[in-house]
Amino acid sequence: MAATDLERFSNAEPEPRSLSLGGHVGFDSLPDQLVSKSVTQGFSFNILCVGETGIGKSTLMNTLFNTTFETEEASHHEACVRLRPQTYDLQESNVQLKLTIVDAVGFGDQINKDESYRPIVDYIDAQFENYLQEELKIRRSLFDYHDTRIHVCLYFITPTGHSLKSLDLVTMKKLDSKVNIIPIIAKADTISKSELHKFKIKIMGELVSNGVQIYQFPTDDEAVAEINAVMNAHLPFAVVGSTEEVKVGNKLVRARQYPWGVVQVENENHCDFVKLREMLIRVNMEDLREQTHSRHYELYRRCKLEEMGFQDSDGDSQPFSLQETYEAKRKEFLSELQRKEEEMRQMFVNKVKETELELKEKERELHEKFEHLKRVHQEEKRKVEEKRRELEEETNAFNRRKAAVEALQSQALHATSQQPLRKDKDKKNRSDIGAHQPGMSLSSSKVMMTKASVEPLNCSSWWPAIQCCSCLVRDATWREGFL
C-alpha cells in the first residue's frame, strides 16, 4: 500500500504556483516575436478544388484572390481524374503567401464514376506521407520544407435545384476524414432565390443523413464566435465568380452582365461570395491550417504508426518506450524474415529437384531418340552399301562385256578387211576350177551367197549390238570353218 502511494505521488505532477513579478521582465513581447518570425518565414495555404469541368473553379479562384492565375483549359474528354497542382507566390503588404491551387481535372466527366474519388484520396494521402517522411528523418528541416498538405477542399456543387448527386455524396464521404470540406453552390445566378434557399436546406439535410462531416467554422474563440456561428447557418455558400468589371452607378464593380440585369459578385444580396472570402481567408485561414495539422494529419500519422506496430501502451496501460517498440518490431520482422527465407529456400530446393527430374527425363528421351536415329542411320547405310556393291558388280560385268564386244568387233573388222583379197583369190580359183570342172558353178554361187550374208551389222544400242555382234561372230566362225 505504501509502495503504491509512493509510486502515485512520484508520478503526479506538482501543482504550478502563481507568483507575482517585482518588475518588468520582457516576456510579454513573445506574441510580437512570434508574429515577426511568422512574417519572416511566410505562410503556405493549399486549396483543393473539386467539381465538374466548366463549373467555374478557375474563375472563382481568380475572383477570390483578385488576380489572374494562368491555368490550362480543361477538356471534357479526360480518361480519368487527374490532379493538377499549381503554386504561386503572393504578397500583400509585408506578408508573403505561398498559395497552391490543386484542380481535380476531369472530375465527373467519365461514364463510370465509381472510382472518381480515388485519385483525389490518393493525392491527399501522398501529401500526408511526404510530410510524415520528413518528420521521421534524422536530420529534418521542417522550417524550409514546403508543406503541400491540403488545408481546405472547396467542393463545387452543380446548381440543379433538386438534390445532391450520388457522386457528390460518395466523394465527400470519402474526403471528410482527410480534409476540411466547404461545400459551394457554383453559378448560383442560374436559379431563383426561392429555389436556392430550398436547395441549401436539401443539401444540408442530405449531408447530415449520410453522415458527411463538413468543416464548421470554430465558435470557441470569443473574437470570432459570433460571426462564425452566423456563417455556419449560411452553408453551403452560393457563389458567383467573375473577373469582368461592369459600371454600376458611378463605380466599376466585378459582376456578370446579363440581358435582364447585372449580378454583382461582391453584393451580399446577390450571392454569398463575400461570406466565403471572409470565412476562408480573412477569419479562418489559420484555423484551417491548424485543423489540417492537428486533426487530419494526426489521424493519418496515428494510423500509419499503428500499421508499423507502434503504440502508446500495452493492455495494462503501461507506456511503451520507442526503443522497446523498435526492438519488439525488429525481432518480429527478423523472425518473419527468417521464416520467409526458409520458405523461399525450401521452394528453391523443390524447384531445383523438379528441374533436375525434368532434365533427366529430357536427357533419357534424347538418348532414346538418338539411339533410334542411329539404328535408322545404320540400316540406311547398310542398304546403301548393298546398292553400291550391286552397282559395282553390274558395272564390272558391263565393262567385261564391253571389252569382249570391242575385242570381237575388232576381230570382225579385221576379218572383214581380208574378204576382198579372198574374193579375188576365190574368184580366180573358181575360174580355174570352172575351167576344169564345170559342175561346180552352182555350188560356187551358193558359197558367194553365204559370204554375202555375213556382212557386219549397224546397231544403235549397245545391248542389241552385243547380241548382233555375237550372232555375227557365230556366223563368221561358222563361215571360216565352212571355208
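Each residue, glycine too, has its Cβ placed from N, Cα and C.
Here the structure is a predicted model, which means the values were calculated and not measured.
Residues or ranges marked as GTP binding site by Swiss-Prot: 51-58, Gly106, 187-195, Gly241, Arg256. Counting every protein chain shown, the number of other Cβ atoms lying within 10 Å of the Cβ of Thr190 (GTP binding site) is 14.
Among the features that Swiss-Prot reports, coiled coil is placed at 320-413.
The compositional bias 'Basic and acidic residues' annotation in Swiss-Prot covers 1-16 (among others).
The feature compositional bias 'Polar residues' is assigned by Swiss-Prot to 411-420.
Among the features that Swiss-Prot reports, compositional bias 'Basic and acidic residues' is placed at 421-433 (among others).
Summarising the annotation, Swiss-Prot assigns domain 'Septin-type G' to 41-307 and lists sequence analysis as the type of evidence. A mean pLDDT of 90 is what the model gives for the domain 'Septin-type G' (41-307).
Sequence annotations record features per position, and here Swiss-Prot assigns N-acetylalanine to Ala2 based on a large-scale study or a structure entry.
According to Swiss-Prot, the phosphoserine annotation covers Ser10.
The region 'Disordered' annotation in Swiss-Prot covers 1-22 (among others).
In the region 'G1 motif' (51-58), helix, strand and coil residues by DSSP number 2 helix, 0 strand, 6 coil. Marked as region 'G1 motif' by Swiss-Prot: 51-58.
Annotation comment: Swiss-Prot describes 103-106 as region 'G3 motif'. The DSSP breakdown of the region 'G3 motif' (103-106) into helical (H, G, I), extended (E, B) and coil residues amounts to 0 helix, 3 strand, 1 coil.
Among the features that Swiss-Prot reports, region 'G4 motif' is placed at 186-189.
Annotated region 'Disordered' per Swiss-Prot: 411-443 (among others), in sequence order.
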Residues of the parent chain within Cβ reach of the region 'G1 motif' (51-58), under 8 Å, 6 or more residues beyond its termini: 69, 71, 74-76, 78, 103-109, 154-158, 186-187, 241
Check each residue in the chain of Gly51 (GTP binding site) that is at least six apart in sequence and keep those whose C-beta is under 8 Å from its C-beta; list them in sequence order. Lys57, Ala104, Phe107, Gly108, Tyr155, Phe156, Ile157, Thr158, Ala186
CB within-chain contacts under 8 A for Lys193 (GTP binding site), separation at least 6: none
